[in-house]
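Residues annotated as transmembrane segment in TrEMBL: 7-28, 34-54, 61-82, 94-115, 127-149, 169-186, 193-219, 261-282, 329-348, 355-374, 386-417. Feature annotation from TrEMBL assigns domain 'STAS' to 457-562. Residues or ranges marked as domain 'Cyclic nucleotide-binding' in TrEMBL: 595-692.
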Amino acid sequence: MISNSIAGAIMGLLTVTSAVSFGALIFSGELEPYMPFGIGLLLFSSVIISAVISALSSYPAIVATIAEVTVPIFGLIARQIVTAMPDASVEQKLMTVVATLAINSLVTGIIFLGLGWFKLGSFVRFIPYPVVGGFLAGIGALLLVAAFQTVSGLDLEPFSLAAFFQTNAVLQWLPGALFAVAMFVLPQRITHVLVYPGIIAGTVALFYAALAVTGTSIADATERGWLLGNVPSDGLYRFVSFAAIQQADWNVIIQQIPTLAALWLVSAIALLLHCNGVELVASRDLDLNQELKAAGIASLLAGLGGGVGGFASAGENALSHQLGARGRLVGWIVAALCLAMLLGGASLLSFFPKFILIGMPLLITIEFFNEWLYEAWFKFARADYAIILLIVIVTVTVGFLQAIGVGLVAAIVLFVISYSRLTVIRRISNGAYHHSNVLWTSDELETLEAQGNQAYIVELQGLIFFGTANKLLNQVRDRIHDEQLPPVCYVILDFRMVRDLDASAVLSFAKLKQVATQKQIHLVYTHLSTQAKRRLEQGECLEEADPFCHLFADLDRGLEWYEGKVLQQYHPLCEDQGLTPEAALAAHLKADFSDPKQVDRLMSCLEVCHLAEGEYLFHQGDPFDGLYFVASGQVSVVLNFSDEQNKRIRTYTIGNTIGEMGLYRRTARMASVVADKPSTLYFLSAETFERIETSDPMLASNIHRFIVALLAERLQHRENELSHLLESV
Ligand SMILES: Nc1ncnc2c1ncn2[C@@H]1O[C@@H]2COP(=O)(O)O[C@H]2[C@H]1O
C-alpha cells in the first residue's frame, strides 16, 4: 500500500510533467496562445488513459500515459495544419488540430480494439527489429527538432547556428539540455527511489535560486519566456463545443490522412513492443490482445473528449516497478494527480519553468538515441544498423512518411536477404547409399553402390523463391561441373518438405534445365505439389515429351526409376535366362537353402498364384492364411493410412518371401501387398506348413533358416541405410 502510494505519486508527478511539456510542444508556434488549453487537453487525456488502462490491463500495476512516439508526429501535424490554413483565424486552426487529434484517437481506438478482438497482437513479431529501432530513433530525432521549436524565437528553418547560440536562446535550451542529461545519467548511478522527483524539484529550486541571485522578478522571467506564465484561471481544459469544432477545415484534415495512417501503424507497433518491454520488467506474461483492447477503449474515450490516446511504456513501468508498484492503486493515483492538476493547477503552471518543456522530450530523444543508435551499434549486424541509420536520416532530411516507406522497403529487402541465407537444401545424398524401397539382390546392390555417384539427390525444404532457388541452382551447377568427382547423370530433386515454390523461382529451374539438357543429365522431380508442378510447367521447366525430365509421385519411386536405369546399363538382368518362374524360384532357393536338396520337396507343396499389374495379393488386416515366395515380377508392401494415402515400405523381387510376419506372430496382415508388374508367386498355406512341420522336420527347419536369414539380411540392409542417412543429416 505504502510503496504503491509512493510509486503512484512519483509516476503522477512525471506524468503531469510530461503532459505539460507534450502539450506545450504540440501547441507551439502560432498556436502558442492556446498552449494552456493544449496542456489541459493532454492532462485530460492522461487521466482517461491512466484510469481506463489501469482498470482493464492484464497487469495490475501498469502505468500508462500519452504515447511519446505520437507526440512529435502530432507536433508535425499541427504545424502542417497551421501552414495549410494561412488565411484562417487562430481559433479555426486550433479547432482543425483538435478535430484531427480526436479523429486520430477514435480511429486508433477502433484499430486497437479490432487487433485485440481478432487476437492479432502477435503480428508485431513479424516486423524486423532494426526497422522498429529505426522508427524509434527517427521519433527521437523528431522530438529533438520539436523540442527546440518550442523555444520561442528559435527557428530551425532556415537553420542558423548563430541564432542558436544567442544569449537568450542559450538560456532557454541549455538548462533544458542539462536537465535531460541529469535525468538520463543520474538514475543510472543512483538507484534511490526519489532520484527522478529529486532532480525535478532540485532543478526547479536551482532555477528560482538563479532568478533570486540575478535579481530577476517573476514578471521579468515570464516576459523573457523562461516561465510558462499566462495560464487562464478558469481551468486548463474545457470541452470543445460542437459549434466550435464545426470551424475545423475538413479538407485540411483529409490532407493529414497519410501521416495519420503511418501513425496508426507506428502506434500499434510501439504499443506491442512496449508491452513486450513491460513483460520483461514485470517478469510476467501480458495478454497482448487484452492490452490492445484496453488501449483501444482509452483512446476512444479520450477521442470523444477531443484528447489523445496512449498506452504503457516500458521505461516508465521499469521505474514504477523499481519504486515498488504492485497493484492497481498506482494507476489510480496517477489519474487522480493529473485530474487535480487539470482542475486546480492553472495558477501553479504559471510558475512552470520552460526549460523542463525542452528537457522532457530531450530526455526521450537521449533514451531512444542511446538504445537505437549507440547500444544498437554493438548489438546489431552492420547491415541492420545501416537500416536504422537510414531511417533516421530520411526522417530528418526528407520526412517521416518517406522514412516509413523506406523502412518498409528495407524490411522487405532484409527479409529477402535473411531468407536467402536460409538454405532450402535439407539433405544431399547420392545413389551409393540412398536407395529406394525395392529390395534388390546383393549383386544388384553392389552395382548400385559402385555407380552411386551418378545420382545427386537433393531433398529440399521450406520456401523456394528467387533468392533460395538461385542458391540451389549454383550448388547443383557446382556439383555438375566438379571434375574431381565422377560425372553426375541424374539430378533428383525431392519437394516433399517444400512449403511453396514461388513464381520467382521458376527462372532458376529453367536455367537448371538448360544445363541438364546440355550435359545430357536426367532431371528427376519428385513429390511436387500440384501448384509447384503448375508453376514449373508454366515456366517450361517440365515438359512431358522431354526425355531428360521426369516426374514421380515420391522420392522412393524416383529412386526406383533411377536404380532401374543404372541396373539396366551395368547389370543386365539375367532375367532368369529363359527359365520358367517355377524353375527360376527353385534356382534361387537352392542357392540360399542350407540343404538344396530340400527345395524340390518344398516346390511340390506350393500352389502357383498369378497377379496382374495393380492387383492386390491381400489387404492390411486380412487374416493370415499362409506364406508366399516371389517367383517373377515385382510386388510392393504398402501401408494404408487413415487419409486414404498409401506408403510403400518395401518392394520385393524374385526369391523373397511375403507374409512371414503372420506366420510367426499369428496376427492379421500388417500391410497390403500389390503387384507392380505382372507377377508369379508360390503359396505355402498355413495348413501345409503345419503338416510339413510334423511330417518333415528337416524341410521345416530349412524353411525356417531360410526365412530367418532373409529377415536378418533385411534388417542389416535397413541399418546400413539408416546409418548413412543419419551421417548425411
Ligand atoms: N516394415 C516392413 N518391412 C518389410 N516388409 C514388411 C514390413 N511390414 C510388413 N511386411 C511384409 O508385408 C507382409 C504383410 O503381411 P504379414 O504381416 O503376414 O507379413 C508382412 C511382411 O512380409
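In case you wondered, yes, glycine gets a Cβ from its N, Cα and C as well.
Applying DSSP to the domain 'STAS' (457-562) sorts its residues as follows: 50 helix, 29 strand, 27 coil. Here the listed stretches are 94-115, 169-186, 355-374, and the one with the most C-beta pairs under 8 angstroms to the transmembrane segment (261-282) is 94-115. For the domain 'Cyclic nucleotide-binding' (595-692), DSSP puts the residue distribution at 21 helix, 41 strand, 36 coil. Here the transmembrane segment (386-417) touches the transmembrane segment (127-149). Their Cβ atoms form 3 or more pairs under 8 Å, with each pair 6 or more residues apart.
Across all of the domain 'STAS' (457-562), the predicted model scores a mean pLDDT of 92.
Here the transmembrane segment (193-219) has long-range neighbours at 6, 10, 13-14, 17, 175, 178-179, 182-183, 186-187, 226-227, 319, 322-324, 351, 353, 355-356, 359, meaning same-chain residues at least 6 beyond its ends whose C-beta is under 8 angstroms from one of its own. If you count C-beta pairs under 8 angstroms between the transmembrane segment (127-149) and each of 7-28, 94-115, 329-348, 355-374, the highest count goes to 355-374. Within its own chain, the transmembrane segment (355-374) is flanked in space by residues 17-18, 20-22, 24-25, 68, 71-72, 133-134, 136-137, 139-141, 143-144, 146-148, 150-151, 172-173, 175-181, 183-184, 200, 203-204, 207, 226, 228, 315, 388-389, 392, which lie at least six positions past its ends and keep a Cβ under 8 Å from the stretch.
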